[in-house]
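*Asks:* According to TrEMBL, the region 'Disordered' annotation covers B:1-27. Residues or ranges marked as transmembrane segment by TrEMBL: B:36-54, B:60-77, B:98-121, B:141-162, B:174-192, B:212-233, B:254-275, B:327-347, B:359-386, B:392-410.
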Amino acid sequence: MPRLPARLLALVAGILLPLTGAAAQEPAARPGAAAAKDDAKESPLVSTEWLEKNLDAKSLRIVEVSVEPGVFERGHIPGAQNVVWHTDLVDTVSRDIAGPDKFTALARRLGIDRTTTVVLYGDNNNWFAAWGAWVLAQYGLVDNVKLLDGGRRKWEAEKRPLDTRTTEVAASTFTAPAPSPALRARFGDVLAVARKERDEQILDIRSPDEFSGKVIAPPGVQELAIRAGHIPGSVNVPWAKAVNPDGTIKSPAELKALYAAAGIDGTKPIITSCRIGERSSHSWFVLSRILGYQARNYDGSWTEYGNAVGVPVVNLAGTVWGGK
Amino acid sequence: MRPLTGPVAERSAPRPQDRASAGTAGRAPSRVPYRVLAALAVAAGLAAWAWWLAGQPGGARLALSLSFGALFGFVLQRSRFCFYCQWRDLLVEGDPRGLLGILAALAAGVAGYAVVLGAWMPDPSGTRLPPDAHIGPVGPVLVLAGAVFGAGMAVSGSCISAHLYRLGEGSPTAPFALVGTGLGFVLGFATWNPLYLASVSEAPVIWLPRHLGYAGSLVLALTLLAALAWPLLHRLPEPAGPRPRPEPLRAVFTGRWPVWLGGLAVGAIGTLAYLRVGPLGVTAEIGGRARQAAGAAGLLPARLEGLDTFRGCATALRDAVLTPNGLFVGGLVLASFAAALAAGQFRPARPTRGQAGRGLLGGVLLGWGAMTGLGCSVGTLLSGIMAGALSGWVFGLAMFAGAAGTLWLGRRTGHLA
């Protein structure tokens, strides 16, 4: 395809995009968030040290979103409340995030509103905590929501105290608006990029073997797609490259260099994608909240795209039905 | 150690089991308690293993599992906490003390779990279940599983946990029964899909506190246990004259504990293990490894419908060499071995053909029952009832009925003693 039409499209998209949900997009794309500041009020991350010092802060709500059941109950950060990602944050019948009513009830139970500082953390490198941050952001809870840098693992590794008692907080009066569409990419958005009808970038954060099409799913995970490979035009930067060995997120300068090497520098809107959209929330958080790039998460991810009929797919490994 | 070792060596010197300890510790001279030294060495090894594990990244849970397993194995061995032996004692000998011990374990555990669950889930009335508590589906398949498991107990001589502690005592039947259990699990996996589609998928998962609250569920469980204990308490044997007060060390390490004492300890261990690691259970590792091996051999259906979504002794495939349940079982067997050595109850024997056959056959029944019942007398019965699961009670009733029926039939036909 010649370059000119693509540029034209980009221009058109650039003009049109801000018109759709401009208000909700504003916080994520705000350039002020680009420089990660040390002040916990400004930064999207809080350190374990900061959190331990501020455990008793009045307007602080600590929320654990872990994958493994029983982890929270057997010891959590003092004052933390539990959110079960696969029932609390989703619609359990149709494949969707929790609707406004359900989310309102959850936020009220957790005592969360727009003025409280919410610190999310969890096991598994904060994957689901980041996913939780993405869900909260869609309901307008953006700047007051932080991730605990290094998550549960770092807190435990530093031998900081855990608690098994139940936390009781006063319910909030939060009422969820309709979820903002600006932080979530849909199948149609991704397909438009794949067909080069729209000039955006897709960041695929799965493992190189999944990306190339050698395997459909990571080891030990059910193959939920019919085809292997990736969405045309996407680039591969596995999510784990954004973190240090201790699980903390790398410095903004390192992150900028990491993504710039893959051609992602924030000049174009970005769509993050993985298998079911949860690991990609981690990269969404990094791009959107730490670097201040305009990023959306595609939660349909490969389990939607890789099952769709008649869409273009790149399969570098040349596998057929996941085999040779 | 002096007060313990002297009398032990003297008392048990002429008994045949000393040949056994001589096997591990060389020739046993008259006054040197090699057997006890060996027991101490095993205990020290277990402690060192736990210490080492605790220092590994993410190893705290593994170290705890090993420790709880060792504690559990020690208690089982010391108090002869064996569901079938106690049931048979009542049915054949008319001695209810063992069964009262099992009821004591349940009463202590039910109370302990209520304390933990009340903290973890202040409101039990929602749609949620407490994390990883063994609350399973209740239906005809559970009844069948319990009855078959009970039959396996009668045929092989005990349940899976008792075979494990008896492995530590050198039982000639236990190895065959455990191999049979593995085979039974494979059979269970092979029959799972039709059973699931026909029945289990529609069986309700009933957690009593959801309907009765914690207090109501606790009162109901304790009332039921008291009602079961009442007739047993009236059949207690006459005390056999005044007994000398045993020295504390001998009472703990060489004499048999009364079963009620073991029961109270089991209730406490069950509660603490649930608080820190997970509910007690001894079949997750056996089932998981059997599933892995059978899968590799191509003996399993490509997909076991719904199996991994149920609570209970999970057999989901594992990659790790050391798993919490594997260490729990390992600790159980080794601690029972150490306890049996110290008490002079390590008595290995060459298995007879009958023992091998009964072990294998009974083991297959145990394995099939534990697979389809999502746990055994420990995982489904003990941990289930303690957590307020109806499935624990149903499995328990079916298990005791299956064991009684098989025992009656076996005694009539002269196949069982």
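Including glycine, each Cβ sits where the backbone N, Cα and C put it.
What TrEMBL says about a protein is an automatic prediction, not a curated fact.
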*Asks:* With an 8 Å cut-off on Cβ pairs and a sequence gap of 6 or more, do the transmembrane segment (B:254-275) and the transmembrane segment (B:392-410) reach 3 or more such pairs?
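*Replies:* No, these stretches are not in contact.
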*Asks:* Given the transmembrane segment (B:174-192), which of the listed stretches B:36-54, B:60-77, B:327-347, B:359-386 has the most Cβ pairs that are under 8 Å apart from it?
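*Replies:* Selected stretch: B:359-386, with the most Cβ pairs under 8 Å.
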*Asks:* Counting CB pairs under 8 Å, which listed stretch among B:60-77, B:98-121, B:141-162, B:359-386, B:392-410 touches the transmembrane segment (B:36-54) the most?
*Replies:* B:60-77
*Asks:* Are there residues at least 6 beyond the ends of the transmembrane segment (B:141-162) whose Cβ is under 8 Å from a Cβ of it, and what are they?
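*Replies:* 76, 81-85, 87-88, 173, 176-178, 180-181, 184, 195, 199-200, 203, 282-283, 286, 332, 358-359, 361-373, 376-378, 380, 391, 394-407, 410, 416.
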*Asks:* What stretch in B:60-77, B:212-233, B:392-410 has the biggest tally of Cβ pairs under 8 Å against the transmembrane segment (B:98-121)?
*Replies:* B:212-233
